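Notes follow once the structure below has been shown.
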Amino acid sequence: MDGKVKEQKRHQQKHSGPKAERKKLKKQEGSTEEDGRKRNPKAFSVQSAVRMAKTFHRSQDIKTKKHHIPHVDRTPLEPPPIVIVVVGPPKVGKSTLIRCLIKNFTRQKLGDICGPVTIVSGKKRRLTFMECNNDINTMIDLAKVADLVLMLIDASFGFEMETFEFLNICQVHGFPRIMGVLTHLDSFKNNKTLRKTKKNLKHRFWTEVYQGAKLFYLSGMVYGEYQIQEVKNLGRFISVMKFRPLVWQTSHPYVLVDRMEDLTDPERVRTDPKCDRTVSLYGYLRGTHLKNKGQVHIPGVGDFQVADVNFLPDPCALPEAQKKRALNEKERLLYAPMAGVGGVVYDKDAVYIDLPASHVNQQQEVRPTTELVQSLIDTHATLDAKMAASKVSLFSGSATLDSTDVGEHKEGPREECVWDPNTQRKRRKVVFTEKEEEDVSGSSDDDEDGDVDSEDGDQEEQEEDEDEDNLSTFLKDKVEGGKKRGEESAEVPAFADSEDDLEMSEEESEEEGENVREESGDDDDGEEEEDDKEESEDESMEEDDAAGATMKKQTASESEEEEEEQGKYCFYSILRFSCCSRHSALEFILLFPSTGGLRWKEGLQQKASEAFLRQQKAAPNLRKLVYGSVVEADDSDDEEQELGGLFRVSRPQNSKKSQANGVDSSRFDPDASHNWDLEEMLNSIRDCFVTGKWEEDQDAATLLKEDEELYGDFEDLETGKVHKGQTGEQDQAEVRLIYVEYLVKVDDDEVQKKKRLEKKQRLKERFNAEYDDEDATYFDDLKEEMQKQAELNRAEFADVDDETRVQYEGFRPGMYVRLEISSLPCEFVTNFDPHYPIILGGLGASEGNVGYLQMRLKKHRWYHRILKTRDPLILSLGWRRFQTIPLYHIEDHNGRHRLLKYTPQHMHCGASIWGPVTPQGTGFLAVQSVAGTKANFRIAATGVILDLDKSVTIVKKLKLIGYPYKIFKNTSFIKGMFNTVLEVAKFEGASVRTVSGVRGQIKKALSTPPGAYRATFEDRLLMSDVVFLRSWYPVSVPQLYNPVTSLLLPAGQKDSWAGMRTLGQLKHDLGIRNKPNTDSLYKPVVRAPRHFNRLHIPKELQKALPFKSKPKQQQPKGKTPRDLQRPSVIREPHEKKVAALLLALSTVHNHKRKKAHTAQHAKHKEFLQQKEKLEEAKLKRQKEARKKLYRIQGQVDQKKSRSSLKGAPQDD
C-alpha cells in the first residue's frame, strides 16, 4: 500500500430529489422578483417617506444595539478548549446530558463523569465539559472559569433556588454565555399544560438572563439517553457559539486542572504521612501568559509559589488544517484522565498508557501495539524472573547456559524498584551505568557494523535454541531488505513510526536518533534515548510483517505523518523478548521524553543532508557496475569471520581497511556532523573565499603588485602621455574606495526602493480611504485598529520556537502545561476528589499581599436578613474565597464616613475589610455560610472594590454626658463629663447642648473637681438640665483573613466547611441567654409635679396694661363659718305625703300642658300647609289673568298698527 494513493470520492451534485428541487425553486424565485421589479417599478417604489424613515431608524437602532466596545483579539492560533459548565439542582440530568454530548461529538460512551472531560468537537474547536455539584463552593469556582453555562431546569418542578444563586454568582464574576436546557418534559401528559409551562419558564429565564436567551427543550429519554436529534442540535449551537472576552479571565492566567500527580518521595511519606507534598498539576493554560516561578491561588486550598512550569505535547490536539467537512474517526479525541480516559499520556519524566485505546475498530486486525500492551497487562511474572528461568545456547549443539553462568562483557541498564504511592505498586526505574553513558556520548557513524552485531548478540541471548540460525539469517535479510527499500523510496518523513523506520537505512536511523538527542531539552535523558534508538532498529526488523496491516487507511497515515513532522508526539519503540518457557511475550515500552514541540524550521540542514543522501543512494552504484563482484567478496569475507552463525571476530585493522575501501568515491556523502560554530571548521574553509588569506603566489593583491612592478611606467605612443605606475598602498586604497562606493550605491538603491514602496503604500491607503470607505464609521475604524493590533501581536513571535518564546513572553494560553507546586498540605492529596474542580488562578504583582479594602456593598434583595457590622462574612473576591469581618458605613453630606450597625434595606453602603489586594472594579459576592444547603436564598450581598488603602476613616458617634453644679446667669460649671484636665483641654472650644436645646461652648478646665469645666450657654441653665457633647470616635477594621479550605476536607464533607461563627450563633450553640442592659430596658417614667412661682408684674407695667390684661386684685372666697351655715330640714311623715302629692299633681299638670302644646303645634302646622296651598292657587289665578290681559292688549296694539299703515298717503 506504500505506492498506492487512495483517491478521495468526489462530491456528486444532486439533480433530483427534494434538495435539488429547493435549489431550482430558489433560483426561479430570485429571477421572478427581478422581472417584477422591472415590469412594475411603481409597486416596489417608496410609498411613504415617513414609514421608510421609521423603518430605517429602527434597523439602525437594532444594528447599533448589537455593537460592543471592540477589544484587541488576544486569542492564540490554537486556543484552549472552551470550558462548558453544566449546572443544575440534583437529579436534573447533568451527567446524562454530558454523556450524550460526548457521544454526539466523539461516538464514545463515558461512564462516570469525574473532573474535566476534553473533546475535539471540530476542526478548530475543542470543548471541556465540567459538571457542577450542588455545592456553593463549586458553583462559585466554576462561574469564574466558565465560557459557557448549560443551565438545566426541571420543567416538571420549575425553577429551583440553585439556578438563581448561580445566575447571581455569574453576574458578579463576569457574565459568561448562558443557555437554558429544560428536562423532564415527558412528565407532561397534556400538550396545553406543556406549552403554557414552556412559555412561563422561557419568559422568567429571559428576565434573569436577557431577552431572547436560548432555551433548549429535551422532550424525553430513549433507553436512558436524550433523543439524538435534540442533542445534535444542542451540539451544533455549542460548536458555532461566539464568546465575549471577560475582564477578569483575560487579565489573569488560570488552569483548570485535569490531572494530578504526587511527586513526593515515597520514603518521606512512609516515615511522615503528614508531611507537605510536592504535586504536579496538569491542564490547559487559559487567560493570559503565565510566567515561571509566579504565585498562584488554588481556591479551597490557598496561595502557593510555583516551583516549575513546563509545556507538554497537547494530549487532545486539534486536527491538521486540511479541507474536509468532518473529522475522521481518529481525530475524534476524548481526554479525561480523572475519568480514566486518555490513551497514552506523555509527561516530563514518565509515560502513562491507558487501555483500551480511544478508538479500536472491531473489524480491523488487532494492531501490534495494542496486542503488545495487552500482553504486558496479562503477564503474571516479572521480567527478571523469566530471565532467570530462561536458558540460552551460544552455538548449535552446545550446552545451555543460565543467567548465572554468563559473565556479561558489557553491562546493560540496571533496574531499581521504586514504590509509587499513587498507583500503589512497585515501578521499575531504569538506571544506566557510567560506562554506557560514555559509549552513548562517543557513538558515531563509523561504529554502525559493530552496533548492529552487538544488538544482534544481545537479542539472540534471549532467544530459544532452535531459533538461533533462523534468527541470524532473518536479521541479515531484514537489514538488506531495509537498505533496498531505503534506496527505492524517494522521500521518507523526518521522524517516522516503527513501520516507516523499515524504509530507512541503518545510517539514517542512527542520524535520526542523534537528531532527537540533540533537540531534546534534558541532558540527563541522552543515554536513555541512545538505547531507545538502538532498540528501535531491532523492533523495526521484527515488525516488518505487521507493517502492511497497520496502514489500512490512507487518511490516517497522512495525519500520522503530519503529527510526526510537527513533532507533537515523540515516537516510541517496542522491544519484544521470547523466552524458553514459551510464556506470552514481554514488552518494554521505552518512550522518548520531549521537552518541547518540534518546529518545521528546526534542523533544516539535517533534513537537507538526509534528503541529498537518499538521492545519492538512489543513484546507480558506479563501483558495482565497473568492478562487478567486489562487494560480494567483501560480504563473503565477513561471513567467513562469523562463529556459529551468531558472533563475529572483531579485528580493528580489517575494519579500518574495509572502511577505507568501502567508500564509494562516485557518491558525494555529505557529513551532517560538521559543527560550523567551531573555530577549526571555520579555519579549514576560510581560504576558499576571496576574503581569505591566500598563499603569496595565489593572492590577488600580490599578483597585482607583481604586474605593476613588471610593467611599471609606460608612455602612450599615440598621445604621448606618460602613465606612472602606482604603489601597492595607493592600489589598495583605490580598491577600498571602489568597494565602499559600491556598498554606498547598493545601500542607496535599497533606500530608494524602500521609499518608493512606502510612497506607493501611502497612495494606496489614501485612495482606499477616499473611495472604498465612504460608509465607514468610527466603530469600523476602531475595529480595524484593534485588528491591526491583534495581527501585530501575533506576528511578533510567529517565527520563534516555543522554547525561546516561553522565555520572553511566558507560557501562552492554549498550551498544555505542567505546574509543579511544593509545600502543599497532605490533605490535598489524601482527600482528593475528582468531582470537585481544582483551579490554579495566577496572581498579579501585588495580588499576593493582604491589606485594607474599601468596597461598595448592597444587601441582596432576596436575602431574608439584614447584615450586622462585625459579623463574619464569607466573600468570593477574585480567585479567592475567604472569611473576614466587615465594617459597614455610609458617607454623610460633609464627607464623614459614619459607622452603621446594620446594612440599609434598599440602598448601597460602604464596607471596609482586611483582605487580599484585588484590582479596583472587581466584583464580589458574600455569603454567611457555605456549609450544606439552606432553605432560603444563600447569597447575602454583592458589591465592587472601590479603593485599596486605609484612606477612609470610619467614625462612630459618642455622646458624653455632664451635669451643672454651679450656675451664674449664662455661665455654668459642668462636672461628670471628663475625668482629667488633659481631656478637657483637648475639647476646648467644642460645642455642647442641653436636652432642652440650649446651645453652649466649652471654655476652660477647672482645677477642682478633676474633669470639671466652665461653659457658656445661650440662656441660663437649670440644675435639672443635662448637658451632652456629641463626638466622633474612629473605629479600627478587624484584621481577619481566613481562606476557605474546603478542598482539604475529607471526601463527602467538602461542603461542610465552617469558619468563625457570629455572636448570635455562638450564644445559640452554647445556650447563653442575652442579659440586657438595664439602662436600655423600657420602664415607667415617674415625673414629680413641678411648682412654678407666681407671675410678678411691676406696678408701672400694670398701669400701662388695658383693664382686660390687668391682674385683678380680688381675694378668693374663704370657707363659710359653721355658725353661718343653714341647718338641714328633716320632714314629718305627713309633710312627706303632702310633698309627694304636690309632686304628682305638678307632674300631671306638666304632662297635660306638654300634650296640649304638641297638639297645638300639629294643628298650626296643618294650617300653614293649607294656607300655602291657597296661596299657590291665588298666584296661579293672578298669572292667568295677567296672561289674558297681555293677550288682549297685544291684539289692540296690532289693530292700531294695521290702521296706521292703511291710512298712510299714496303720494309719499
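Placed from the backbone N, Cα and C atoms, the Cβ positions cover glycine too.
Looking at 180-199, 260-279, 400-419, the range tied to region 'Disordered' in TrEMBL is 400-419. From the options 649-670, 715-736, the stretch TrEMBL describes as region 'Disordered' is 649-670. Secondary structure counts, DSSP: the region 'Disordered' (1149-1212) has 58 helix, 0 strand, 6 coil. Across the compositional bias 'Basic residues' (7-26), DSSP helix (H, G, I), strand (E, B) and coil residues number 9 helix, 0 strand, 11 coil. Taken residue by residue, the compositional bias 'Basic and acidic residues' (1120-1131) breaks down under DSSP into 0 helix, 0 strand, 12 coil.
The average pLDDT for the domain 'Bms1-type G' (79-244) in the predicted structure is 91.
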